[in-house]
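Enquirer: Taken from Swiss-Prot, the feature substrate binding site applies to Asn248, Met277, Tyr306, His342, Ser362, Arg363, Gly364, Asp403, Gly404, Leu405, Arg406, Glu442, Tyr469. As annotated by Swiss-Prot, Zn(2+) binding site applies to His446, His510, with the evidence given as sequence analysis. According to Swiss-Prot, the [4Fe-4S] cluster binding site annotation covers Cys590, Cys593, Cys598, on the basis of sequence analysis.
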Amino acid sequence: MNANPKFLSADAHVDAAAVAPLPNSRKVYVTGSQPDIRVPMREITQADTPTGFGGEKNPPIYVYDTSGPYTDPDAKIDIRAGLPALRQRWIEARGDTEVLPGLSSQYGLERAADPATAELRFPGLHRNPRRAQPGKNVTQMHYARQGIITPEMEYIAIRENQRRAEYIESLKSSGPNGAKLAAMMGRQHPGQAFGAAAFGANALAEITPEFVRDEIARGRAIIPANINHPESEPMIIGRNFLVKINANIGNSAVTSSIGEEVDKMTWAIRWGGDTVMDLSTGKHIHETREWIIRNSPVPIGTVPIYQALEKVNGKAEDLTWEIFRDTLIEQAEQGVDYFTIHAGVRLQYVPLTANRMTGIVSRGGSIMAKWCLAHHKESFLYEHFEEICEIMKAYDVSFSLGDGLRPGSIYDANDEAQLGELKTLGELTQIAWKHDVQVMIEGPGHVPMQLIKENMDLQLDWCKEAPFYTLGPLTTDIAPGYDHITSGIGAAMIGWFGTAMLCYVTPKEHLGLPNKDDVKEGIITYKLAAHAADLAKGHPGAQVRDNALSKARFEFRWEDQFNIGLDPDKAREFHDETLPKDSAKVAHFCSMCGPHFCSMKITQDVREFAAQQGVSETEALKKGMEVKAVEFVKTGAEIYHRQ
């Protein structure tokens, strides 16, 4: 990869691989109470069951789709124009915002006036930023606490349900055995929800708009949806909903360009990224972010202190509240949906990290720790937190309260510094909620398995059930190059215990900046972890996809096995390495066991034999054993035979 290859806005184009529909899938939309509430889902078509296995119809299944218009063949994709402003009419209809005459951040104005950035700027934005009218609060939490169900909340309820009821009805009407099939395919193991309201003994039959509103009002969930990012498709982060995942992208001083970061974003959402964080620290941070936001159907998060540090040439001690405030406004007016802010790094906690194995590993945390020590005073993020809340509620930017003192090794897990900061984050949450500002809490980090639940329990207690958003955690430190696996283990566990969103880790963690392939690997690993957590919690309908794939596997519907899986391309590639011919796609075996030792084929043979003999499967097995016993004696009762 070249260091910062030349990017020109005139040449910008979408990556063709990111816009092709997935195999046997099509984009469908479910309409809500008004015509412009059109909720996207991915419909996966299945083949009929072969006649020998019953011959029934297998209706399509529906899965959560984060890819936006990119996988819709009917959508015209032009990244120079950006995505349609899906939520614009809803925002305008509320009548509590105003269009500004122009940018109001000093840095934004400077970039707009700089001729050197002209060929890099996003050309398709033809509207000025919005802000709350004086005295107004435009957060989804504020509306929820007023008893208002917004279009965003209705959209989310439809999206979370994934047409589960319609799928069960389609099974019932699939043929004479429809009722039996519906019971089988809808079966799900009871979960253990650890107190989550929507699961366990009190599991909801479906997610309703009122339930969404209530969870937002309580602070147990957030809808990251800046009024200046109307292109975003509403989604929710909370432990009573599907576990979500975040993908990190962003350039550095030594690698990547604007074009590559836009490609990474479209690639991440294709494979299931629910949100994307732009962690750019290199050149053209402002322009890179604009391109990403205008083309993103998912919420975008940032760490504003990174850009603020660039404005003072990397010298943490030179940071000021005024520079940081201007950065917040700059990014809020672009449309950033949530800010990671390390306001819990207090002066008193910094000495507690002295005896750590790995010290302070968070970039934002180390920046603020250095500032606190240089000035020997509390951080300006902590001191000005109420003023930050005023900015957040003017644009509906959500807090992601950063864990600047998270452990960077399992040696440091659950130490006094980490837990002291967590307690402070709980206190800051209460302040934000006083302003009706949405909050989620960031968590570790590196934590061995036996300490993971303690992290979750303390967070729920101290932060009053505000959504938890964790980086893994990594459960061991011995696997550079495989940290997507070491962290995926911890992610599945903490997701089960109650974490609402998991921040992915790629194979490049601790080693380098991820490329597109690494992004996909991290996404798929974390989709697995999130889904495993949904199953363990007992999320309604979570097992539908597993049941459909298992049925396809038992019936040797190879194409359906590939297509229902999280990564159809890799599944097909692995199968075709040893059985590449088209005939192998309908064969009743795979290359692992071959045609004579396939356990599923043997089971099918037993069932056929039972049907022919008019006996039960148990009797058929017994009868078959008796036949084989006679055959064994007749051939000499030898365990081994010479060829």
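Backbone N, Cα and C atoms are what each Cβ position is placed from, and that goes for glycine too.
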Enquirer: In sequence order, which residues at least six apart in the same chain have a CB under 8 Å from the CB of Gly404 (substrate binding site)?
Expert: His342, Gly344, Val345, Ile360, Ser362, Gly364, Gly365, Ser366, Met368, Ala369, Glu421
Enquirer: How big is the gap, in Å, between the Cα of Arg406 (substrate binding site) and that of His510 (Zn(2+) binding site), rounded to a whole number?
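Expert: One finds 15 Å between the Cα atoms of these residues.
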Enquirer: What's the CA-CA gap between His446 (Zn(2+) binding site) and Tyr469 (substrate binding site) in angstrom, rounded?
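Expert: Between the Cα atoms of His446 (Zn(2+) binding site) and Tyr469 (substrate binding site), the distance comes to 14 Å.
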Enquirer: Taking only the binding-site residues Asn248, Tyr306, Tyr469, which one has a CA atom nearest to the CA atom of His510 (Zn(2+) binding site)?
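Expert: Looking at Cα distances from His510 (Zn(2+) binding site), the smallest one goes to Asn248.
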Enquirer: Does DSSP put Tyr306 (substrate binding site) in a helix, in a strand, or in coil?
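Expert: Note: Tyr306 (substrate binding site) is helical by DSSP.
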Enquirer: For a quick check of packing: other C-beta atoms within 10 Å of the C-beta of Asn248 (substrate binding site), how many?
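Expert: 24, counting other Cβ atoms within 10 Å of Asn248 (substrate binding site).
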Enquirer: Pick from Tyr306, Tyr469: which of these binding-site residues has the biggest number of other Cβ atoms within 10 Å of its Cβ?
Expert: Tyr469
Enquirer: Give me the count of other Cβ atoms within 10 A of the Cβ belonging to Arg406 (substrate binding site).
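Expert: Excluding its own Cβ, Arg406 (substrate binding site) sees 26 Cβ atoms within 10 Å.
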Enquirer: For His510 (Zn(2+) binding site), what is the secondary structure state per DSSP, taken as helix, strand or coil?
Expert: coil
Enquirer: Per 10 Å Cβ neighbour count, which of the binding-site residues His446, His510 ranks highest?
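Expert: That would be His446, with the most Cβ atoms nearby.
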